[in-house]
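Data first, discussion second: the structure below is written as structure tokens.
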Amino acid sequence: MLSRKGNIIGKAKKWIILISFFILFSFTWYLSKEGKCKLFTAYSSWTCCSHKIYNDVSSYRIVYDQPNPFRPPKTSFMVLTPWLAPIIFDGIYDLKILNAQFHQRDVRIGLTVFAVRKYNIFVKSLIETAEKFFMAGHKVNYYVFTDDVSAIPKITVKEGRSLVILKISGYERWQDITMRHMQLIRDYIDKKLITEVDYLACLDADMKFTDDVEVEILGDLFGVIHHGYIGKLREQFTNERRNDSEAYIPVDEGDFYYTGCFFGGSVTEVYKLTNFCHNAMMADKAKNIEAIWHDESYLNKYFLYHKPTKLLSPEYAWNYYGSSDVVKRKKIIHVHKDYKVIRD
Ligand SMILES: CC(=O)N[C@H]1[C@@H](OP(=O)(O)OP(=O)(O)OC[C@H]2O[C@@H](n3ccc(=O)[nH]c3=O)[C@H](O)[C@@H]2O)O[C@H](CO)[C@H](O)[C@@H]1O
Ligand SMILES: [Mn+2]
């Protein structure tokens, strides 16, 4: 009798445990669906949104933290210019939202790099780090312009991405090499890129990616605030000050000083920018003038009167040594180089 009773209790216990598990599982499933439990929503949003290309809004949903209007994400530096362009710092955006938006549009992104003469040594680490950190999960084409195709090593890129090597004739002077990339980008947009990509990012060769650089940078027109001039007065900017140059900027004008090593935007806006810079350089050349910082000076002139719609913080073009209170994550850095040797 006793053993039978014990048997019944044992069976009941098993059922109770089984039913409890079932209830617990259903409850957590419900929470994950409703976005009420972080652990499960993190898992479900990762499985549904990471690195896939979606065009149909109804086929997925994204779950993310609600923005808190009383908790601005950054208070130590301006994140909105007076012309209402965001200044992109780590922590002010949610990539889940941005990736979903850009995947919906199935965007194609081009990255141009010029590697002429000795600068081809930078290409391998630039592309390899880009494969790790640049626009993960999106369609990317790299365009490497070089005078020596055979010097560019074979680099395998991930599915959905391609590496295009383009032969160009180099220039004697390094100043001409760096300045002429405006013309070459402009002409190649006209010839090919206008139908191949939606956005174009133009980067110096002597750089490498050290952290994620994703769709947060994309917009109609973007420029990067030069790390050396972040808190400087406009009269301290190294703009061109000769008023007969097309790059001339008076001392009482200027918002930020932008670096020449990284800029971009929609392919049509980059066309306008490169066209302006090239024409301005040619007009100056006819007057026997070369702006103080070459293409960077013309770029600063363009950005003064065609203001970028997104400004990237110096996280996106940091030097290989120093640190800063403002910049927490260095996403792209300059590679150390011996100027005399490399430009020789
Ligand atoms: C961070 C920064 O302020 N960058 C600017 C500064 O950079 P840098 O001093 O970093 O100039 P740089 O030597 O990197 O030259 C600019 C780019 O031109 C290409 N190149 C140059 C020389 C050469 O022999 N072969 C070659 O391919 C290459 O892509 C290189 O990255 O000054 C340059 C000209 O004054 C440009 O304005 C740069 O954008
Ligand atoms: Mn450089």
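Just so it is clear, glycine is given a Cβ too, placed from its N, Cα and C backbone atoms.
Note that TrEMBL annotation is computational and uncurated.
What you see is a predicted model, and the numbers here were worked out from it, not measured in a lab.
Taken from TrEMBL as is:
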type	residues	note
TRANSMEM	12-31	transmembrane segment
BINDING	PHE114, ALA115, VAL116, TYR119, ASP204, ALA205, ASP206	UDP-N-acetyl-alpha-D-galactosamine binding site
BINDING	ASP204, ASP206	Mn(2+) binding site
ACT_SITE	GLU296	active site, nucleophile
Inset, instruction - Using DSSP with the three-state reduction, classify ALA115 (UDP-N-acetyl-alpha-D-galactosamine binding site) as helix, strand or coil. - result: strand
Inset, instruction - Using the recorded UDP-N-acetyl-alpha-D-galactosamine site (PHE114, ALA115, VAL116, TYR119, ASP204, ALA205, ASP206) as reference, state which further residues of the same chain have their Cβ within 8 Å of the centre of those residues' Cβ atoms, listed in sequence order. - result: VAL113, ASN120, PHE122, VAL123, ILE177
Legend entry - Cα distance (Å, whole number) from the residue listed as 'active site, nucleophile' to PHE114 (UDP-N-acetyl-alpha-D-galactosamine binding site): 15
Inset, instruction - Among all chains shown, work out which of the binding-site residues ALA115, VAL116, ALA205 has the most CB atoms within 10 A of its CB. - result: ALA115
Inset, instruction - Quick one: of the recorded positions PHE114, TYR119, ASP204, ASP206, GLU296, flag those whose CB is under 6 Å from ligand 2, and say none if nothing qualifies. - result: ASP204, ASP206
Inset, instruction - Return the residue, from the listed recorded positions ASP204, ASP206, GLU296, with the maximum count of other C-beta atoms within 10 angstroms of its C-beta. - result: GLU296
Inset, instruction - Determine the Cβ neighbour count for PHE114 (UDP-N-acetyl-alpha-D-galactosamine binding site): the number of other Cβ atoms within 10 Å of its Cβ. - result: 25
Inset, instruction - Write out the long-range same-chain contacts of TYR119 (UDP-N-acetyl-alpha-D-galactosamine binding site), meaning residues 6 or more apart in sequence whose Cβ is under 8 Å from its Cβ. - result: ALA205, ASP206, ILE342
Legend entry - Rounded inter-Cα distance in Å - VAL116 (UDP-N-acetyl-alpha-D-galactosamine binding site), the residue listed as 'active site, nucleophile': 18
Inset, instruction - Would you mind pulling the longest C-alpha to C-alpha span across PHE114, ALA115, VAL116, TYR119, ASP204, ALA205, ASP206, which the record has binding UDP-N-acetyl-alpha-D-galactosamine, in angstrom? - result: 11
Legend entry - Three-state secondary structure, which DSSP defines for ALA205 (UDP-N-acetyl-alpha-D-galactosamine binding site): coil
